[in-house]
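Working notes for the structure below.
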Amino acid sequence: MHHKSLAELASALKAREFSSEELTQHYLKRIERLNEDLNSFITVSTEEALKQAKAADAILQSGEGSSITGIPLAHKDIFCTTGVKTSCGSKMLDNFTAPYNATVVSRLKTAGAVMLGKTNMDEFAMGSSNETSFYGSVKNPWAHDRVPGGSSGGSAAAVAARLTPAATGTDTGGSIRQPAALCGITGLKPTYGRVSRYGMIAFASSLDQGGPMARTAQDAALLLNVMAGFDERDSTSVAQDVPDYTLSLEESIKGIKIGLPTEYFDENLNPGIAIPIEAAIKEFERLGAQIREISLPNTKLAVPTYYVVAPAECSSNLSRYDGTRFGYRCDNPKDLLELYCRSRGEGFGPEVKRRILIGTYVLSAGYYDAYYLKAQKLRRLISDDFKQALTEVDVIMGPTSPTPAFRLGEKSDDPVAMYLADIYTINVNLAGLPALSIPAGFAQGLPVGLQIIGNYFSESRLLNLAHRYQQVTDWHDRIPAGY
């Protein structure tokens, strides 16, 4: 069963080849057997999953249901879920259970999806390797001494290891696309505002965006159909009609203009990555696409800009965790100040503290203009680069990550090297554009991801390009040994 894609599983459920309960039990057994070593799940909701599966079977038996009714899924542990704890990978929320479901969770539940559990992640989504989690590092299924990427590393590893057909993720600077690339799956970051952020614990509110992580573009399209749409409870949600993303999957890509930024193919790119990426681009050329060279001149400013804007927003968002209302509270504080200091000092991990300190510094009275205001101006320039480029081409392509998955612990003591792992993804978030990563080959036996970036609300085109590529390649069907 676990070798089938989400779309294939949905067809099999409709044809009564097996029940949702049988399918759910199959995945729960795989999680029980394989997760202890992989560490991709923080919480497995066995009883609730089987209860939801039985309800889905009743709907399917009546001939009703959506395109994903009865399909087991996993949620990144950043989405609030009633009855199941939401930790955000942090000691601060180790015992927190939300009183409501995130919009993404409720929409998928209403559509009949079954929640297997909550996946591991970098603490408060801050990290590129899934090593900052309070619950320990996630291992890459392709090589257990390598990182799965972050911050949605648990979701990516679980999908790659076939512990779940698909999962939800969030992307603030590459946190869906980078782990998707490193684990050899498909991951889509929608346009900012396309998917509701209600109930998604905030890191950097102007950058955060939820999206699907799955084996194929078709699977991602099926999930996005349900996840996308306006939500009045999210002030940044966009009131724009949601198309059926599956309808455009089979369209011809002949004549589509693909731009290759010169800045994405410079000396920073690992040679092992360049070879499969160039081969993938040639495949698109064979499918009828036109390839053009373009420039995104402010690419090198993206990382420093992001690491002013994101920590500033993080500092503001995480100020709510003070030990007085919810979350971790220190024992026996002497006074209110000690309650604040010790609760935050003991509840947050080192990377989260680092970003809070950076954010507080750049927002301080003496440095606001020098750092934060300047970063917002640079953000506009980065966005303008994309705006200009996308008047010349339909989509932009390049590598998702400059290197394959690196070793666990390799960059833990070098935060700048870790931050540079997102050099090709961060600028997309700063501009609010949609982008996806698809498997495009291997380097040193490890997966390589191809990133496709589009204009605002062009998810249909991105999924169409990805699907057509996956029809003529089999990288997305490769499975790690032992899984």
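Any Cβ shown, glycine's included, is placed from N, Cα and C.
What Swiss-Prot records for this protein:
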- LYS76: active site, charge relay system (ACT_SITE)
- SER151: active site, charge relay system (ACT_SITE)
- SER175: active site, acyl-ester intermediate (ACT_SITE)
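A map of Swiss-Prot features onto the structure.
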residue: LYS76; record: active site, charge relay system; Cβ neighbours (10 Å): 33
residue: SER151; record: active site, charge relay system; Cβ neighbours (10 Å): 35
residue: SER175; record: active site, acyl-ester intermediate; Cβ neighbours (10 Å): 37
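LYS76 (active site, charge relay system) falls within a strand when secondary structure is assigned with DSSP.
Straight-line distance linking the Cα atoms of LYS76 (active site, charge relay system) and SER151 (active site, charge relay system), rounded to a whole number, equals 9 Å. When the alpha carbons of SER175 (active site, acyl-ester intermediate) and SER151 (active site, charge relay system) are compared, the span between them is 5 angstrom.
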